[in-house]
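Record features (TrEMBL):
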| type | residues | note |
| --- | --- | --- |
| BINDING | Cys57, Cys60, His61 | heme c 1 binding site |
| BINDING | Cys206, Cys209, His210 | heme c 2 binding site |
| BINDING | Cys339, Cys342, His343 | heme c 3 binding site |
| DOMAIN | 43-149 | domain 'Cytochrome c' |
| DOMAIN | 191-299 | domain 'Cytochrome c' |
| DOMAIN | 326-413 | domain 'Cytochrome c' |
| TRANSMEM | 5-25 | transmembrane segment |
Amino acid sequence: MIKRLLAGAAAIGAIGGLGFLYYAWYPPIEPVEPPDRGSFSAEQIERGRIVAAEGYCAECHTRTDNGGGPELAGDYKMDTPFGAIYSSNITPDPETGIGNWSEEAFQRAMHLGVSRKGVHLIPAFPFDHFTKMTDQDVSDLYAYLMTRPAVHMTRRPNELPFPLSLRLLQAGWKLLYFTPGVYKPDPRHDALWNRGAYLSEGNAHCGACHTPRDFMGAEKKSAPYDGAVVDNWIAPPLNEHNPTPTTWTEDELFQYLRFGVAPLHGPAGGPMSPVPHRFLSTVPEEDVHAIAHYFADVDHAAEREKHDKAALARAMEQSKIDLVGPTVDPDAKLYQGACAACHYNAAPSPVLGRPDLALNNALWLDEPTNLYQVILHGLTAEEGQTGVAMPSFYNALSDQDMARIAAYLRRTRTTLPPWTDLEKKAAAVRKTITTIPVNSSH
Ligand code: HEC
Ligand code: HEC
Ligand code: HEC
């Protein structure tokens, strides 16, 4: 009996294996002559520019270490929990880029995560989002990329350990986690909402940073937009779990995504900064409105907004305490000396360019990570609100100083329990910084 059962299991295993290979196998698509620039209309290329901006292609496909590299020529280093991955050259160079890819091959890569040669691509390339793009958008994107300057450049090899280095394994990942298919409009919602959902879930892949991942590196479908760690920053929750005391309303979201600063919540720092500045400020305003409209629904802004007035009044009250003159509290003194010259506010609301820390995510998240990142890096004039800057305190404050400021701000500016292990965490964030910021004060 047992033998028969085992034989049955082996047979099923073999069939499963064959089925898997069938599932996993994709033929190469024949190379083509790089298409003639004249074969694309100026209108289509412009539409493709917008699609490329809304998917931040240049962010991941342009090298930033090793002195930087030409736009879209790849070799951008992505640190993942599994090892470093380098992006591909997506300029139309036929040898090292995608110059000899037909549009069919490009459509397949974007929709199914398979290269022209039939090789499975690693989901660090967010094809699990790009699959939702319409064929028309991908076609326009192709026109845009094929008319960029061709750059001859080879990327460094990935540093994934065996067996993760086996491309075939990616097919197993796909079988478990990947749902291919173009976005389907939800008839319960209007056109603006659907446009926002199409962009956010698809091309603009907000969830790639804002949704937590499981041990296999897949976004947790059970916790969409619940917040996640990315590049040693916390990408805060974008749903009703967002902890900031005032709501991310449609207008706050629009200002933040379009201009990089929201009147109440402050600037977009760290890995979020390029999203508005480099990309969403360059696309049609309606698209940014659509994304803001969509997330105001995801975070139930309409129901939560009614508490904002009280929250704002409380924050303004809390921010006043550092202005009332001499204090015996040594932590308050430290804050007054280092921060209060810029971070003070009076009723009725914060001044643009002088974020109210009592309203900023940095104090309300479960960990002080973003607060430490901002203190250590500062914010350049290009990040956040264009033109205003915060110096880096990398040299000026010790880990112990940062821990004291963090504890003080959490205590006086929020209603949440204190953070723990603050000094240890300050040292850990400092360790992630490999080059001392140039705007560092002494
Ligand atoms: C979050 C980072 C990221 C973003 C954003 C991104 N890519 Fe990529 N892309 C990658 C990585 C990493 C690879 C290499 C994957 C691999 O080696 O399997 C890649 C591979 C590709 C490939 C396969 C190229 C080849 O030679 O096999 C294409 C095509 C591509 N990306 C196009 C795009 C386009 C178009 C956009 C914008 C809509 C985009 N990517 C945005 C990270 C990204
Ligand atoms: C590359 C990763 C990345 C991508 C892509 C990304 N975000 Fe972010 N986002 C972050 C990080 C990190 C922060 C924290 C920045 C800070 O505190 O200054 C953030 C902050 C935010 C905030 C402020 C939250 C708060 O409570 O302060 C909003 C709103 C937001 N992102 C919306 C979006 C939307 C909408 C998209 C897609 C259009 C998106 N993000 C795409 C990484 C990302
Ligand atoms: C010289 C003025 C100045 C000083 C001093 C200063 N800041 Fe800032 N800070 C700013 C400005 C300006 C911004 C907004 C920058 C922008 O919009 O690009 C900012 C932004 C911030 C943010 C929001 C970051 C984000 O991504 O949302 C935090 C948190 C912060 N500062 C904390 C501090 C702390 C803590 C100190 C003291 C250690 C401090 N700042 C000292 C000017 C200053």
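Just so it is clear, glycine is given a Cβ too, placed from its N, Cα and C backbone atoms.
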DSSP helix/strand/coil residue counts for the domain 'Cytochrome c' (43-149): 42 helix, 12 strand, 53 coil
Integer mean pLDDT for the domain 'Cytochrome c' (43-149): 97
Spatial separation of Cys60 (heme c 1 binding site) from His343 (heme c 3 binding site) - C-alpha basis, Å: 34
Least buried by Cβ count (within 10 Å) of the binding-site residues His210, His343: His343
Fewest Cβ neighbours within 10 Å, where candidates are the binding-site residues Cys60, Cys206, Cys209, Cys339, Cys342: Cys342
Those binding-site residues in Cys57, Cys60, Cys206, Cys209, Cys342, His343 whose CB falls under 6 A of ligand 1, listed in sequence order: Cys57, Cys60
Rounded distance in angstrom between the Cα atoms of Cys342 (heme c 3 binding site) and Cys206 (heme c 2 binding site): 31
Listed binding-site residues adjacent to ligand 3, that is, members of Cys57, Cys60, His61, Cys206, Cys339, Cys342 whose C-beta is under 6 A away: Cys339, Cys342
8 Å Cβ shell about Cys57, Cys60, His61 centroid, heme c 1 site members excluded: Gly55, Tyr56, Ala58, Glu59, Thr62, Leu72, Gly74, Tyr76, Ser87, Ile90
CB-centroid shell, 8 A cutoff, heme c 3 site Cys339, Cys342, His343, site residues removed: Ala338, Ala340, Ala341, Tyr344, Arg354, Leu357, Met390
Listed binding-site residues with Cβ under 6 Å from ligand 2, out of Cys60, His61, Cys206, Cys209, Cys339, Cys342: Cys206, Cys209
